[in-house]
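Q: Mind looking over this structure? Questions follow.
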Amino acid sequence: MENRWQVLIVWQVDRMKIRTWNSLVKHHMHISRRANGWVYRHHYDSRHPKVSSEVHIPLGEARLIIKTYWGLQTGERDWHLGHGVSIEWRLRSYNTQVDPGLADHLIHMHYFDCFAESAIRKAILGYRVSPRCDYQAGHNKVGSLQYLALTALIKPKKAKPPLPSVSKLVEDKWNKPQKTRGRRGNHTMNGH
């Protein structure tokens with residue numbers, strides 16, 4: 001019998017990000033109880049030797065599975081030391097890979113209260129509005145002008161520690177272009 005290959009999208013990440021992600025997931029599962037129903041699986045619960053952990057997030061009938069890997073081939077960067085993350089959406093026998101932004105959006109829609117467009121209508125009608133979203137990573141667009149005005153008027157409290165974000169987990173902060181300030185703002189550019 002011939003070998004059959006299966007292609008899987010794996011986002012290369014720093015191992016410290018994986019450790020942070022796992023500790024945030026465990027904190028919100030066991031201490032804050034905000035990740036209710038989430039299941040964390042250790043590496044010894046998996047049959048695959050390269051899987052270091054799995055997080056199963058129920059989304060109604062479907063579920064999101066975030067797997068972290070170790071011992072992969074190293075990447076082109078120094079910090080690509082063979083660690084990665086795959087994100088899978090599964091419904092019964094159907095499964096597909098999703099990107100981190102969509103994964104965060106799905107988690108946001110299913111689990112967390114949000115200060116959204118409905119809050120603007122409530123504020124106009126005179127109801128008390130709590131201007132905070134528990135899961136900011138689930139927003140992938142800029143809000144309307146009224147939304148921005150309401151958020152500027154009443155500052156939201158930040159939850160500590162933050163909720164685990166898939167986008168933050170796979171974020172490539174090393175390859176982002178550096179932001180340099182002008183001549184006045186950056187002291188190294190003007191010699192002081």
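Note: Cβ is positioned from N, Cα and C throughout, glycine not excepted.
Residues or ranges marked as phosphothreonine by Swiss-Prot: Thr96, Thr188. Annotated phosphoserine per Swiss-Prot: Ser144, Ser165, in sequence order. Feature annotation from Swiss-Prot assigns region 'Interaction with host APOBEC3G' to 40-44. Swiss-Prot lists 75-114 with the feature region 'RNA-binding'. Under the heading region 'Disordered', Swiss-Prot lists 159-192. What Swiss-Prot lists as motif 'HCCH motif' is 108-139, and the listing cites sequence analysis. Positions annotated as motif 'BC-box-like motif' by Swiss-Prot, on the basis of sequence analysis: 144-153.
Tell me about the surroundings of these features in the structure.
A: For Thr96 (phosphothreonine), other Cβ atoms within 10 Å of its Cβ number 9. According to DSSP, Thr96 (phosphothreonine) sits within a strand segment.
There are 20 other CB atoms within 10 A of the CB of Ser165 (phosphoserine), with all protein chains counted.
The DSSP breakdown of the region 'Interaction with host APOBEC3G' (40-44) into helical (H, G, I), extended (E, B) and coil residues amounts to 2 helix, 3 strand, 0 coil.
Over the region 'RNA-binding' (75-114) the predicted model carries a mean pLDDT of 80.
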Q: Six or more residues beyond either end and a Cβ under 8 Å away: which residues meet both conditions relative to the region 'Interaction with host APOBEC3G' (40-44)?
A: 22, 25-26, 29, 51-56, 70
Q: How many Å separate the Cα atoms of Thr96 (phosphothreonine) and Ser165 (phosphoserine)?
A: 19
